[in-house]
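Have a look at this one.
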Amino acid sequence: MEESQAELGVEPPLSQETFSDLWNLLPENNLLSSELSAPVDDLLPYSEDVVTWLDECPNEAPQMPEPPAQAALAPATSWPLSSFVPSQKTYPGNYGFRLGFLHSGTAKSVTCTYSPSLNKLFCQLAKTCPVQLWVDSPPPPGTRVRAMAIYKKLEHMTEVVRRSPHHERSSDYSDGLAPPQHLIRVEGNLRAEYFDDRNTFRHSVVVPYESPEIESECTTIHYNFMCNSSCMGGMNRRPILTIITLEDSRGNLLGRSSFEVRVCACPGRDRRTEEENFRKKGQSCPEPPPGSTKRALPSSTSSSPQQKKKPLDGEYFTLQIRGRKRFEMFRELNEALELMDAQAGREPGESRAHSSHLKSKKGPSPSCHKKPMLKREGPDSD
């Protein structure tokens, strides 16, 4: 085959070239040349060294470098419980200390609203919440006002109220003064001091008491609540109370008052919903003093006014009916209605008079066995 192609002078296609021809096409400094094999041999240890090393350490395996230990996931932080639960009982003291709030409705646009029936403040995250301080007589100089949050339910009271880890790490709403873990802040007061009690671990914020301005009867402090009530890792839907105390310069108590707080997205809606539920439960009715007798509420049947009897219509109407069969049907229907009126006792005298009038007007009813005789008039009759 090759000889025949050589004789004809036709070159074979590439697929028909021999292996020797392809080998000659490779460059001289190929990967399989002996020049590149020498450095590789130098990298390998001599056989004598390997034998010596195995004889010296027969029981030791080659030690591989240990991989760096993976950073273990940090466990959930368990904050220490407080051994001190502050009192939440209202104490006006000698100065008649009490709190007040601005009147606001339940519109969706409100950012802060107070419910007097619930003694509860509804507000949005980091929004201004004005709290009024009322006193009957001015307290001594150096008096301070402290605000502290505690959990309302008994099973949570020993836990410290703090912000959620998400809000603690967030740089939003950071003023550079308040610690990131504090829930309550004071807005617009550079004299505010934030305390972390070393013994009770409670968080509080203290501001100096300022006398009311001219033509004003109360002092107003603007608070901010820096975490939602529904935040996981924080309040986690647990109700909280804010305790406002009036203290002298030595920390002695002069007055105390408290209110519940809910930090939510729509304060007006939540206030309206909780007040409706409160009224449905009947808790809005004040309890009678001890020793007083409760009056039973009248039953609904006796309290409801009696329905007035509608007088029977005394008018009479004449209805022309075509066909005796239809007439009998309407007559029976009318008698049934008259009987119902008589049994109901509505205007019995008038019903009897009305039925007698119908009988006299109708005349004797034809017998069902006798066919009434009707005179047929022909076309010639007058």
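The count begins at 1 with the first shown residue.
Including glycine, each Cβ sits where the backbone N, Cα and C put it.
Annotations per Swiss-Prot:
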type	residues	note
MOD_RES	K108	N6-acetyllysine
MOD_RES	K108	N6-lactoyllysine
MOD_RES	K127	N6-lactoyllysine
MOD_RES	K294	N6-acetyllysine
MOD_RES	R322	omega-N-methylarginine
MOD_RES	R324	symmetric dimethylarginine
MOD_RES	K361	N6-methyllysine
MOD_RES	K370	N6-acetyllysine
MOD_RES	K371	N6-methyllysine
MOD_RES	K371	N6,N6-dimethyllysine
MOD_RES	K371	N6-acetyllysine
MOD_RES	S381	phosphoserine
REGION	101-225	region 'Required for interaction with FBXO42'
REGION	262-269	region 'Interaction with DNA'
REGION	272-316	region 'Disordered'
REGION	341-382	region 'Disordered'
To the nearest whole angstrom, state the Cα distance for the pair K108 (N6-acetyllysine) and K127 (N6-lactoyllysine).
15
Return the residues near R322 (omega-N-methylarginine) by Cβ distance under 8 Å, restricted to its own chain and a separation of at least 6 in sequence.
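Within the chain, R322 (omega-N-methylarginine) has no Cβ neighbours under 8 Å at 6 or more residues' separation.
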Could you state the whole-number distance in Å separating the C-alpha atoms of K127 (N6-lactoyllysine) and R324 (symmetric dimethylarginine)?
84
What same-chain residues lie close to the region 'Interaction with DNA' (262-269): Cβ under 8 Å, and 6 or more beyond its ends?
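Residues 105-113, 120-125, 225, 227-230, 235, 239.
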Taking every protein chain in this structure into account, which of the modified residues K108, K127, R324 has the most other Cβ atoms within 10 Å of its Cβ?
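Of K108, K127, R324, the one with the most crowded Cβ is K127.
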Per DSSP, how many helix, strand and coil residues does the region 'Required for interaction with FBXO42' (101-225) have?
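Per-class counts: 8 helix, 42 strand, 75 coil.
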Is it possible to list how many residues within the region 'Interaction with DNA' (262-269) are helical, extended or coil according to DSSP?
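When I sort the residues of the region 'Interaction with DNA' (262-269) into the three classes, I find 3 helix, 2 strand, 3 coil.
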Give the mean pLDDT for the region 'Interaction with DNA' (262-269) on the 0 to 100 scale.
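Averaging the confidence scores along the region 'Interaction with DNA' (262-269) gives 97.
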Should R324 (symmetric dimethylarginine) be counted as helix, strand, or coil on the basis of DSSP?
helix
